[in-house]
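According to TrEMBL, the protein carries these features:
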type     : residues : note
TRANSMEM : 45-64    : transmembrane segment
TRANSMEM : 70-98    : transmembrane segment
DOMAIN   : 88-336   : domain 'G-protein coupled receptors family 1 profile'
TRANSMEM : 105-125  : transmembrane segment
TRANSMEM : 145-167  : transmembrane segment
TRANSMEM : 188-208  : transmembrane segment
TRANSMEM : 249-267  : transmembrane segment
TRANSMEM : 288-307  : transmembrane segment
TRANSMEM : 319-338  : transmembrane segment
Amino acid sequence: MLTSSLLLTRRVYKPLVTYFVRETVHRQTSFHPDFNLFKCHLLSVWNFIMDNVSVIAVFTLSGLRDIANYRVILFVLTLLCYCVIWLVNVTIIVTVIVDKKLHEPMYIFLCNLCVNGLYGTAAFYPKFLYDLLSTTHVISYAGCLLQGFVLHSAVAADFSLLALMAYDRYVAICRPLVYHSLMTTQKISIFVFFAWLIPFYLLLMSTITTATSRLCGSHIPRIYCVNWLIANLACSASVARNVIPAFNYTFYVGHVVFVFWSYVYLIKTCQSSKENWNKFMQTCVPHLFSLTVVVVSLLFDMLYMRFGSKEIAQNVENFMAMEFLLIPPIMNPLMYGLKLTKIRKRVLNFICGKSSTFRLKS
């Protein structure tokens with residue numbers, strides 16, 4: 001019904017606007033005969049845009065079709081999880097910003113990782129909470145593209161920041177004498193800038209490629225928008241639509257390979273020194289755990305999305321889709337907050353200070 005009405009609107013709208021463009025150009029060129037070539041080019045461009053623009057105005061999300069009986073419970077649990085995500089991430093961010101002793105490369109990268117966790121989850125949880133209380137689960141065309149862009153760019157930025165943290169640990173443990181000359185404030189700023197810029201640029205190109213495709217469907221079998229699923233709705237195949245995602249996947253798989261290679265090298269190096277091994281266990285184990293959680297969560301989701309069976313229960317499918325938006329944003333700050341001594345002491349001092357102040361006032 002929706003698609004047929006949109007097609008009818010396009011059949012009525014296109015001739016009217018095309019007539020208006022033709023008349024406007026004709027009147028302008030009647031005074032300037034030399035602009036006939038310009039008129040031809042303009043009309044050609046207009047016809048191309050009208051023929052290739054997507055007629056889909058909204059997408060239907062079908063991941064929440066069987067939740068009527070426990071809608072309120074899911075809403076409360078999801079809201080609680082989102083509040084926990086904000087609490088633990090903001091705690092780490094504020095702690096690193098306020099305490100000047102934590103203005104070191106590892107903690108700066110960790111702070112950006114927590115900011116990225118809030119950025120990525122902001123594209124999912126508010127919309128998901130709204131859908132849980134709504135009977136219709138739809139999202140606008142622009143909103144779907146924006147959600148896909150934010151979710152994909154957040155995942156890509158996660159890998160970029162984790163790769164930077166691996167490089168920081170490699171230099172700190174394997175080349176300690178040149179650590180401060182390699183990890184200067186200026187270089188850290190450049191590293192962080194490109195860790196955000198490159199994911200944004202790569203995913204923007206992917207989103208633009210998806211947005212320029214003409215779509216022949218509006219049904220997305222998920223609880224949120226994914227560029228790959230939107231691209232599958234395209235009426236025809238496109239080389240750019242396959243090449244750009246393939247490059248992005250290869251680029252970030254290279255990040256994962258680099259991180260695991262650096263840790264294999266770190267383990268070999270630290271085995272000969274007890275001091276280095278203690279440093280590795282304290283600072284590198286949380287990082288390695290974070291990377292493993294992100295990779296496993298995404299791997300399960302991507303493999304199921306492409307090769308999964310349709311016989312899997314909808315609840316299991318939804319959990320697999322939410323896994324990388326639930327576990328890493330909570331576990332990353334908790335792991336670093338509990339394992340890194342400086343952050344743990346700073347947070348505990350703040351909590352104990354507040355509680356003692358409260359007792360004195362009472």
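Here the Cβ of each residue, glycine as well, is placed from N, Cα and C on the backbone.
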Cβ-based contact of the transmembrane segment (105-125) with the transmembrane segment (319-338), 3 or more pairs under 8 Å | yes
Counting Cβ pairs under 8 Å that sit 6 or more residues apart, are there three or more between the transmembrane segment (288-307) and the transmembrane segment (145-167)?
-> yes
Among the ranges 70-98, 188-208, 249-267, the one whose Cβ pairs under 8 Å to the transmembrane segment (319-338) are most numerous | 70-98
In this predicted model, what is the average pLDDT of the domain 'G-protein coupled receptors family 1 profile' (88-336)?
-> 85
